[in-house]
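Pulled from TrEMBL, these are the features on record:
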type: ACT_SITE; residues: 77; note: active site, charge relay system
type: ACT_SITE; residues: 152; note: active site, charge relay system
type: ACT_SITE; residues: 176; note: active site, acyl-ester intermediate
type: DOMAIN; residues: 25-473; note: domain 'Amidase'
Ligand code: GLN
């Protein structure tokens with residue numbers, strides 16, 4: 001067969017179930033491409049080709065390949081713990097750690113018969129928007145090797161866009177699935193908070209963290225979502241509700257009929273009077289996508305969500321506060337790195353040295369910021385205020401969803417920027433999250449779907465829906481994808497050819 005890495009999940013399912021190919025062949029094709037390309041891209045932190053081929057052979061022998069996701073290779077962001085497989089969360093402090101158990105989502109994918117290709121690069125502890133905060137190496141954008149692949153799930157986005165994996169999982173705390181998907185031309189979905197298990201996900205900000213799929217098509221993302229979603233008694237915030245019918249919604253949306261669907265365009269995210277910091281080309285592509293929705297029968301109106309402008313300062317208090325608590329567990333005793341334990345120092349010194357050497361600058365910045373925001377004299381002024389803003393943002397969503405079924409905006413205010421351009425300017429880096437943070441703070445589902453190119457680089461449309469209405473995100477995204485004709489990543493193939 002021609003290049004198996006060019007097939008999406010649905011095409012791979014057909015090729016596997018018809019017997020045209022095997023999981024071993026599909027896995028080998030991806031491993032070959034990783035060997036050829038990953039030296040440049042830096043998408044993976046860990047690949048175990050032998051284990052992957054062994055697993056693929058088992059799936060082939062079982063006769064299951066092509067049924068559901070059986071036999072399909074997948075990549076996991078290195079924030080998911082995987083039994084016996086190195087897991088670092090992009091940090092030196094976890095170097096050498098092999099977890100004794102697997103995250104629920106990793107286990108569900110394994111139980112479905114997928115083949116783990118490897119663990120993907122990420123900003124350390126998922127803090128960042130460019131993957132340059134990885135303690136190991138930066139990842140490059142397959143569309144332009146001098147540009148960032150987004151973050152913090154930038155290894156996953158580069159792997160899937162670059163055809164080093166058919167699909168991957170990312171995590172999204174403030175945008176880390178949607179923004180890297182947007183800037184690499186992928187579909188990326190952040191599910192409703194609580195609808196996908198966080199068990200075995202190395203915690204950054206527990207009230208915001210969610211796992212979700214990154215794929216080249218809407219239907220591929222839905223197929224993965226369906227496998228990883230659903231209640232998990234091991235996650236105390238897991239919602240006991242059925243998985244939204246995302247696969248059906250993706251199929252229905254692809255029919256291109258949105259008659260009667262009410263779409264709200266968020267004024268505060270790139271609309272009148274709120275265009276500063278947005279690329280003109282991004283706003284043009286998003287406006288064209290909105291026109292496509294109208295052409296498909298949707299009723300489009302502008303909606304105002306006045307508190308969305310406060311999402312950024314609120315998020316950058318809440319997320320660091322929770323991180324400062326979560327990261328206290330990395331003390332050099334239980335996991336990974338330990339520095340200076342030569343018998344000459346007491347335990348506090350060993351902990352301090354381990355943290356000093358094990359955490360990178362952005363992680364330290366967040367721990368210090370979070371500790372300050374939670375400290376006795378300042379708690380009400382910072383963390384308390386931020387929680388109030390979170391309530392206001394929630395209310396904006398509830399009011400908007402009285403009038404419309406979904407809200408849309410750009411996913412990222414800009415296209416992928418050059419590597420290095422924002423590393424010395426944390427505020428410029430944080431500004432990448434402007435559009436993704438409101439849905440994170442409210443816990444509502446949001447998808448990014450490609451809507452064209454600007455300056456030859458991908459642009460994403462964000463579609464947000466009420467809690468547990470993830471299916472609406474998939475339906476609208478599939479309609480956009482269908483109207484554009486072909487997955488955007490097909491144009492990356494043309495570009496490279
Ligand atoms: N870029 C945001 C941050 O740095 C979001 C990261 C994420 O979603 N994990 O915190």
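Indices start at 1 and increase along the chain as displayed.
Cβ from N, Cα, C; glycine included.
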*Quick one: which of the active-site residues (77, 152, 176) have their CB closer than 6 Å to ligand 1?*
152, 176
*Other Cβ atoms within 10 Å is the metric here; tell me which of the active-site residues 77, 176 scores highest.*
176
*Any same-chain residues 6+ apart from residue 152 (active site, charge relay system) with CB under 8 Å of its CB? Would you list them in sequence order, or say none?*
90, 122, 123, 126, 127, 128, 129, 131, 133, 171, 173, 176, 180
